[in-house]
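Copied from Swiss-Prot, the annotated features are:
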{"type": "MOD_RES", "residues": "Ala2", "note": "N-acetylalanine"}
{"type": "MOD_RES", "residues": "Lys67", "note": "N6-acetyllysine"}
{"type": "ZN_FING", "residues": "129-157", "note": "zinc finger"}
{"type": "BINDING", "residues": "Cys129, Cys132, Cys154, Cys157", "note": "Zn(2+) binding site"}
{"type": "MOD_RES", "residues": "Ser268", "note": "phosphoserine"}
{"type": "REGION", "residues": "332-393", "note": "region 'Disordered'"}
{"type": "COMPBIAS", "residues": "333-344", "note": "compositional bias 'Low complexity'"}
{"type": "COMPBIAS", "residues": "354-364", "note": "compositional bias 'Acidic residues'"}
{"type": "COMPBIAS", "residues": "379-392", "note": "compositional bias 'Acidic residues'"}
Amino acid sequence: MADPDVLTEVPAALKRLAKYVIRGFYGIEHALALDILIRNSCVKEEDMLELLKFDRKQLRSVLNNLKGDKFIKCRMRVETAADGKTTRHNYYFINYRTLVNVVKYKLDHMRRRIETDERDSTNRASFKCPVCSSTFTDLEANQLFDPMTGTFRCTFCHTEVEEDESAMPKKDARTLLARFNEQIEPIYALLRETEDVNLAYEILEPEPTEIPALKQSKDHAATTAGAASLAGGHHREAWATKGPSYEDLYTQNVVINMDDQEDLHRASLEGKSAKERPIWLRESTVQGAYGSEDMKEGGIDMDAFQEREEGHAGPDDNEEVMRALLIHEKKTSSAMAGSVGAAAPVTAANGSDSESETSESDDDSPPRPAAVAVHKREEDEEEDDEFEEVADDPIVMVAGRPFSYSEVSQRPELVAQMTPEEKEAYIAMGQRMFEDLFE
């Protein structure tokens with residue numbers, strides 16, 4: 001059977017006491033937070049955030065301040081959501097028994113502090129010497145008193161001392177204590193009224209409660225969301241397939257059909273026009289190399305050469321080098337013949353040499369298209385012969401006399417003896433040799 005003296009509801013006096021204290025000694029944020037806890041016995045932190053519209057950091061600072069002063073208590077509970085996730089929530093409530101004790105303690109501490117200040121700042125006489133500025137208390141009055149003159153004199157300079165007005169208290173401590181008692185009287189009255197109140201355990205340690213205002217707003221929001229979902233159901237169905245799908249994330253379907261590749265390639269080639277031959281196949285990109293005119297002068301058929309190039313899309317590298325060397329040799333021989341014709345006739349020995357070179361050049365003329373497929377060994381031998389021929393030192397005419405090019409290069413006085421035509425031929429030959437060297 002329950003004790004008739006135990007109260008199952010919080011008395012109005014305790015609620016007024018909490019409101020008076022929180023509004024008298026704390027800020028407006030603390031008062032708002034405590035008002036919610038007065039109206040609702042145990043409130044979750046998230047619900048307080050929803051009601052007060054505070055920032056979470058600001059609300060926690062306010063609650064931690066009240067909790068540090070023992071006005072409120074905190075209880076942590078672990079809750080399991082519908083999806084199985086566990087979350088921790090803080091619930092705050094007021095323990096009114098602790099609240100009353102804390103208020104009594106703080107008021108008593110304030111009263112003792114005021115009484116201490118009153119006792120320390122009692123109107124005690126203090127003396128100061130106007131000459132040496134020495135100060136004396138009322139306990140030193142027997143040393144300052146001069147019985148001959150009946151005055152208080154300084155013990156150092158024997159000058160009559162004066163009462164120190166700066167040491168007088170600014171306010172009367174007894175007046176301050178009376179004002180404190182007058183202002184705190186309503187709180188004292190509430191404390192006397194709640195002196196013998198005995199609260200039940202479920203009031204001192206309440207269970208979490210649902211706030212009606214928040215419950216109504218949540219129900220209204222749920223109803224609105226349900227109506228919106230019913231109204232836009234077909235829209236969600238249309239977007240149902242737009243969500244992320246991870247079933248076929250690592251599935252790749254590759255189909256390889258080798259039969260149709262040749263037909264597709266042939267059809268693509270038929271649809272495209274024939275590409276124009278690049279300039280590096282039609283003409284030489286090296287300055288001084290053979291061109292169409294040189295090829296005609298050298299007895300090379302341009303059409304036959306192009307047919308051979310088209311017939312062999314990928315000629316051998318050795319064959320290309322050989323043809324280039326043959327044509328360069330042809331040009332060198334023609335230049336040498338021109339220089340000899342411009343100067344005096346050469347000796348019979350030199351003539352025999354030029355004839356042998358001409359015959360060798362004729363023997364080494366570019367092969368006909370029918371002779372392209374000769375044996376690899378024969379091509380290597382011909383290439384070696386060509387390199388040996390190119391390595392021969394050309395002949396330069398100096399005042400009608402033949403000299404080797406290397407000899408003229410080492411003897412500058414021979415260049416001074418040349419005629420203008422011989423000097424021009426000498427310079428042209430040097431340029432061709434330089435171009436042949438870097439090709």
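Placed from the backbone N, Cα and C atoms, the Cβ positions cover glycine too.
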Could you give the Cα-Cα distance between Cys154 (Zn(2+) binding site) and the residue listed as 'N6-acetyllysine', in whole Å?
58
Which of the three DSSP-derived classes (helix, strand, coil) applies to Cys154 (Zn(2+) binding site)?
coil
Give me the sequence-ordered set of same-chain residues, not including Cys129, Cys132, Cys154, Cys157, with a C-beta within 8 angstroms of the centroid of the Zn(2+) site's C-beta atoms.
Pro130, Val131, Ser133, Ser134, Thr155, Phe156, His158, Thr159, Val161
I'd like the number of other C-beta atoms within 10 A of the C-beta of Lys67 (N6-acetyllysine), please.
14
Which of the three DSSP-derived classes (helix, strand, coil) applies to the residue listed as 'N6-acetyllysine'?
helix
Inside 10 Å of the Cβ of Cys157 (Zn(2+) binding site), count up the other Cβ atoms and send me the figure.
12
Secondary structure of Cys132 (Zn(2+) binding site) (DSSP, helix/strand/coil):
coil
Which residue, of the binding-site residues Cys129, Cys132, Cys154, has its CB surrounded by the fewest other CB atoms within 10 A?
Cys132
Length of the line joining the Cα atoms of Cys132 (Zn(2+) binding site) and Lys67 (N6-acetyllysine), in Å:
56
